[in-house]
Amino acid sequence: MEWVTLVLSAIVVVISLRLFLVKNPPNAPPCIKGWIPWFGAAFEFGQAPLHFIAQARARYGPVFTVLVAGKRLTFVTDHEDFQAFFMSKDVNFEQAVQEPVQNTASISKESFFKFHAASIALIKGKLTPGNTALLANHLCEEFNNHLENWGSKGSGCLNNLLRNVMYPAVMSNLLGKCNSPNGPAAIQEFVKRFSTYDDGFEYGSQLPAMFLKEWSSSKKWLLSLLESMIIRAVDIPSNESRSETLLQYLVTIIADKFQPNYGLLMLWASLANAIPITFWALAFILSNPAIYKSAMVQISSVLKDRDKKNTRVSLDDLQEIPYVKWCIMEAIRLRAPGAVTRRVVRPFKLQNYIIPSGDLLMLSPFWAHREPRYFTDPEDFKPERWEKADLRKNGFLEGFVAFGGGKNQCPGRWYAIMELHLFVALILYKFEFTLLDQVPEPSLLHLVGTQQPDRPCTVEYSHR
Ligand code: HEM
């Protein structure tokens, strides 16, 4: 046995040394290699990746590479280079995300390259601003029903309260009522499993499943849930009065055994970013009396004496409540995803550098939105900065990249904005809140997706 260990150790040492001694390619950006062969700067980077990016930028300039566990991550931080990041044919989205997708949703490489483009084209087509508008009334009904389960008053962790309402409501809206968890026990179980899966998503995308027991078991649970949803979606297409759901469309595109796995990815994409943003939007509004007052003036004047239990809010009403939409956009700006990524597939010229094929190219919307040339007083929550954006015509502010860009820009962005605008206007009309804790800071532990709060935030609520 001993000689086996010896040979294996020798192989590891040779591979590590080879990787460590490999020189940075000529004209490549400065490279932070760390001092442990192969691991590179994984330890320092993994502890607080968002802080690491800011420090590295200050030290090495706007383009730099970090060696992390055998991978070269090259960060692009100048707004002037973002167009090239999103539009160049030398970089590719699918090549960058295939491996993480295989780890998090168990979709084979072959299936991913065969069906990914078509499935995204379908989601994009079904969630255009026009199609999204058709989903609004049903979503409003669902929000009302689940919010009424809170009773006339109570208290709890704001993030959990929101998850208990928004997860089942959005699932009913996008996957069909029969596929939404029904009743308090089922909702609680779903919230627990999905939160575990979401919290560990970034680690799950990199590490073998054996290191993540609880996460793997939640993933298995969610996959079997999706399997039964697919059976229902295929078997009873006419069991609902509404038109077909996104899930029903999706199964017509995926012609292999991975249908539930694509379903899980779509479910994750539709819940994982939008719901933390709802938390932040409400936390920013509730903790700032002047902002709260401005929001309530518009909400009360438009919704006036609507029924407080089954409150109908239409898209026309929302057009008259733009201030809440500005709050949503400002919350997205400040808590934008840590990074979006592409794979360099041909040597890619940027500034005076040539970035080699194989590098993972990274752009951080979180830091891009803190650039004072584009956003004055970038750390301040200032909804009125969005007055300049043509939101009615679906325009964003220059420099805003929270939804990514190019042909892989988030296909759910119009749905997300409608969902959050509707929800925040509705909940503030129906309930009064008191914050019992200070607003948490964003946890800077993750690069994937929008930031989660770093600790619970308790609120007291009462029905108006
Ligand atoms: C505030 C909420 C949201 C934010 C900040 C957000 C952000 C993003 C970002 C940054 C990407 C990657 C884009 C790129 O690499 O260029 C993405 C992809 C995606 N998003 Fe969103 N998203 C949100 C909500 C949603 C919702 C509600 C849905 C579905 C209803 C959705 C569906 C998707 C899907 C399916 C992809 C994958 C696209 C692909 O594989 O090409 N997102 N999102």
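Even glycines carry a Cβ here, placed using N, Cα and C.
If you look up TrEMBL, you'll see 1-16 marked as signal peptide. As annotated by TrEMBL, transmembrane segment applies to 262-286. Taken from TrEMBL, the feature substrate binding site covers ASN273. If you look up TrEMBL, you'll see CYS410 marked as heme binding site.
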Could you measure between ASN273 (substrate binding site) and the residue listed as 'heme binding site' for me? Cα positions, answer in whole angstrom.
11
State the count of C-beta atoms found within 10 angstroms of the C-beta of CYS410 (heme binding site), not counting that atom itself.
19
For ASN273 (substrate binding site), just give me the three-state DSSP call.
coil
What is the total of other Cβ atoms whose distance to the Cβ of ASN273 (substrate binding site) is within 10 Å?
24
